[in-house]
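Over in Swiss-Prot, the protein carries these features:
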TOPO_DOM  1-30  topological domain 'Extracellular'
CARBOHYD  Asn5  N-linked glycosylation site
TRANSMEM  31-51  transmembrane segment
TRANSMEM  60-80  transmembrane segment
TOPO_DOM  81-101  topological domain 'Extracellular'
DISULFID  Cys99-Cys181  disulfide bond
TRANSMEM  102-122  transmembrane segment
TRANSMEM  145-165  transmembrane segment
TOPO_DOM  166-199  topological domain 'Extracellular'
TRANSMEM  200-220  transmembrane segment
TRANSMEM  241-261  transmembrane segment
TOPO_DOM  262-274  topological domain 'Extracellular'
TRANSMEM  275-295  transmembrane segment
Amino acid sequence: MSTSNHTQFHPSSFLLLGIPGLEDVHIWIGVPFFFVYLVALLGNTALLFVIQTEQSLHEPMYYFLAMLDSIDLGLSTATIPKMLGIFWFNTKEISFGGCLSHMFFIHFFTAMESIVLVAMAFDRYIAICKPLRYTMILTSKIISLIAGIAVLRSLYMVVPLVFLLLRLPFCGHRIIPHTYCEHMGIARLACASIKVNIRFGLGNISLLLLDVILIILSYVRILYAVFCLPSWEARLKALNTCGSHIGVILAFFTPAFFSFLTHRFGHNIPQYIHIILANLYVVVPPALNPVIYGVRTKQIRERVLRIFLKTNH
């Protein structure tokens, strides 16, 4: 009897449908996802290796970049392998516990990415607005403290989601029309009130919006400082140091912003568009970030070229 009740309260598994409406082309959709994952793995691993081995990159900016690379490896690995399983091998079933774990890591790494981008904006603000005090402010101790705060805040945002879902009874269908498990997608399957889940989810969105506001404020101060510089050459040089970070911010927040808008207001938009946009903001940034920094950062570019030249010889 207890086993039956437990099964009714928490289903043994869920079914992830992938991208509803595009099932016939799942196998082809999986191809770009596979290459994106390959770029994310190779690119972020290469950047971590270069930052570790290149003495000139042992600076606060690159320590934050190493954090971002580690997060991107985690985020891409938490999402894409399961997607490829759905697209190529039709492995749509995922256990209840597996789905919660899947959700935890996706939301955790997403929250981490957001706050690390704030830390990187703070780094650029100090570098441009207080250059003489840069190494005095961003000491190893402060960087470790920022990393600790990023982890703790992300846990604060995500751990309660697990318990909010565990308290819910699931007595309806167990089909999730998505490529991965996410909080509200699971909560909507419950046959009880999910008001607390919605409120906590809105609280998390508010924290992410706060991150965006902090980044904007940092760049307002940066732009003010830049345009106070005496020459255009100095201004362009200062702005160039922010180019990679701005590219990474846009790669992360732009798909997330459009995904939120279509989910909130695009009721007439086909469901597969919602799912594709939701995939973009967890899949694309981990692949784009190493490309953006690799192309725009001279030390990284030269170090990678030296590695390839040694390999060829």
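Glycine is no exception: its Cβ is also placed from the backbone N, Cα and C atoms.
Contacts between the transmembrane segment (275-295) and the transmembrane segment (200-220): absent, as fewer than 3 C-beta pairs lie under 8 angstroms at sequence separation of six or more.
Counting Cβ pairs under 8 Å to the transmembrane segment (200-220), the stretch among 31-51, 60-80, 102-122, 145-165, 241-261 with the most such contacts is 102-122. Under 8 Å from some Cβ of the transmembrane segment (60-80) lie the Cβ atoms of residues 33-34, 36-37, 40-41, 44-45, 47-48, 51-52, 102, 105-106, 109-110, 112-113, 116-117, 119-120, 123-124, 127, 134-135, 138, 143, 147, 150, 179-180, 248, 279, 282-283, 285-287, 289-290, 293, all in the same chain and six or more residues away from its ends. If you take the C-beta of Cys99 (disulfide bond) and look for same-chain residues 6 or more apart in sequence within under 8 angstroms, you find Ser13, Phe14, Ile176, Cys181, Ile186. Counted within 10 Å of its Cβ, the other Cβ atoms near Cys181 (disulfide bond) come to 24, all protein chains included. According to DSSP, the topological domain 'Extracellular' (81-101) comprises 15 helix, 3 strand, 3 coil. According to its DSSP assignment, Cys181 (disulfide bond) is coil. Within the chain, the topological domain 'Extracellular' (81-101) has long-range Cβ neighbours (under 8 A, six or more residues past its boundaries) at 10-18, 26-27, 29-30, 33-34, 37, 162, 165-166, 176, 179-181, 186, 279, 283.
Residues 8-11, 13-20, 79, 82-83, 86, 94, 99-100, 102-103, 106-107, 271, 275, 278-279, 282 of the same chain, all 6+ positions outside the topological domain 'Extracellular' (166-199), place their C-beta atoms under 8 angstroms from a C-beta of that stretch. In the predicted model, the topological domain 'Extracellular' (166-199) shows an average pLDDT of 93.
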